[in-house]
Amino acid sequence: MSIARRTTLSKFLIEQQRETNNLPADLRLLIEVVARACKAISYNVSKGALGEALGTAGSENVQGEVQKKLDILSNEILLDANEWGGNLAAMASEEMETFFPIPANYPRGEYLLVFDPLDGSSNIDVNVSIGTIFSVLRCPDGKQATEESFLQPGTEQVAAGYAVYGPQTVFVLTTGNGVNCFTLDREVGSWVLTQSNMQIPADTREYAINASNARHWYEPVQRYVDELNAGKDGPRGDNFNMRWIASMVADVHRILNRGGIFMYPADKRTPDRPGKLRLMYEANPMSFIVEQAGGAATTGTQRIMEVQPTGLHQRVPVFLGSKNEVERVTSYHAEGEGK
């Protein structure tokens, strides 16, 4: 592809705005600001130990998880980049206990931005792919946001995406009209369209789950994974491979490109806590992307994007990816009426 004919993210969004009339100018500008923030995060991630940002920060987030220095830095980059643009009423982050209203000295917009600033941060110090996940909602109360303003089901998302900071830095986006992938051209500093209308194969021979938790799984998950592991000699009559990176953005990006199912189920260790992944910051945006690419996403008992949130940091079980596999494991939950 010649440099002159490359489609940048800005050009792509402007063309979408003209062609579909469902991408308002303020939403387009918001997406561009988020993408610029992801470039800044990518730069800091790539510096590694040279940037003195590796290691823990000596603090915990609202989830009770030890924060990495890059967790805090990435959160600050996203807040600073988006607070003054006039497109947002408020923001919410996995790293903050409560939401962040746009300061009174800045103009306010009609959107809400929800994000996990650095997903997979346990991998930071060992140089494994990590990323940023985000979701955009309309503020139902106009420009005056409350915590309740954020508590909308995933079906209300107007945009969602993620960036992966790996061998290449990529930015994957949906605004409800398919899924497209942009790669960061570091020489010119632009996001360039490299994959259009991405589609997840309906069938797969790969699955992603943390198998070290197998003894804690509920029966539907145990049954499903046992069938996969039985290979050609089992009821599936085919061999399956397990892939687990412990970085949701990296695992989902692989599935988006070549198929597979990602599973993070609830388990018996914490029966009062339905899963580990956050509905607002991880499950909803990834489900929007996966469904737009022809896949499926459920909690095992219902479509993730139809879950009515009850809190900013609500957790849910997650099964997403190739449609036929997600439907199979979901049917096992229905048969067993289990988690």
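Here, residue 1 is simply the first one shown, and the rest follow in order.
Quick reminder: no glycine exception, Cβ is built from N, Cα and C everywhere.
The Mg(2+) 1 binding site feature in Swiss-Prot is assigned to GLU94, ASP116, LEU118; the stated evidence is sequence analysis. There are 31 other CB atoms within 10 A of the CB of LEU118 (Mg(2+) 1 binding site), with all protein chains counted.
Non-local neighbourhood of ASP116 (Mg(2+) 1 binding site): SER93, GLU94, THR132, ILE133, PHE134, ARG278, TYR281, GLU282, each in the same chain, at least six residues away, with C-beta under 8 Å from its C-beta. The Mg(2+) 2 binding site annotation in Swiss-Prot covers ASP116, ASP119, GLU282.
Look at GLY120 (substrate binding site): DSSP puts it in coil. Neighbour list (GLY120 (substrate binding site), Cβ cut-off 8 Å, at least 6 residues apart, same chain): VAL128, SER129, ILE130, GLY131, ILE245, ALA246, SER247, MET248, VAL249, ALA250. Per Swiss-Prot, the feature substrate binding site maps to ASP119, GLY120, SER121, SER122, ASN210, LYS276.
Most buried of the binding-site residues SER121, SER122, ASN210, judged by other Cβ atoms within 10 Å, is SER121.
Minimal Cβ crowding within 10 Å, among the binding-site residues GLU94, ASP119, GLU282, is found at GLU94.
Cα-Cα distance from LYS276 (substrate binding site) to LEU118 (Mg(2+) 1 binding site): 16 Å (rounded to the nearest whole number). Excluding GLU94, ASP116, LEU118, which define the Mg(2+) 1 site, the same chain contributes ASP71, SER74, ASN75, SER93, GLU95, PHE115, PRO117, ASP119, SER121, THR132, ILE133, TYR281, GLU282 within 8 Å (Cβ to the Cβ centroid), listed in sequence order.
ASP119 (Mg(2+) 2 binding site) is 16 Å away from ASN210 (substrate binding site) when you measure Cα to Cα. LYS276 (substrate binding site) has a Cβ environment of 18 other Cβ atoms inside 10 Å.
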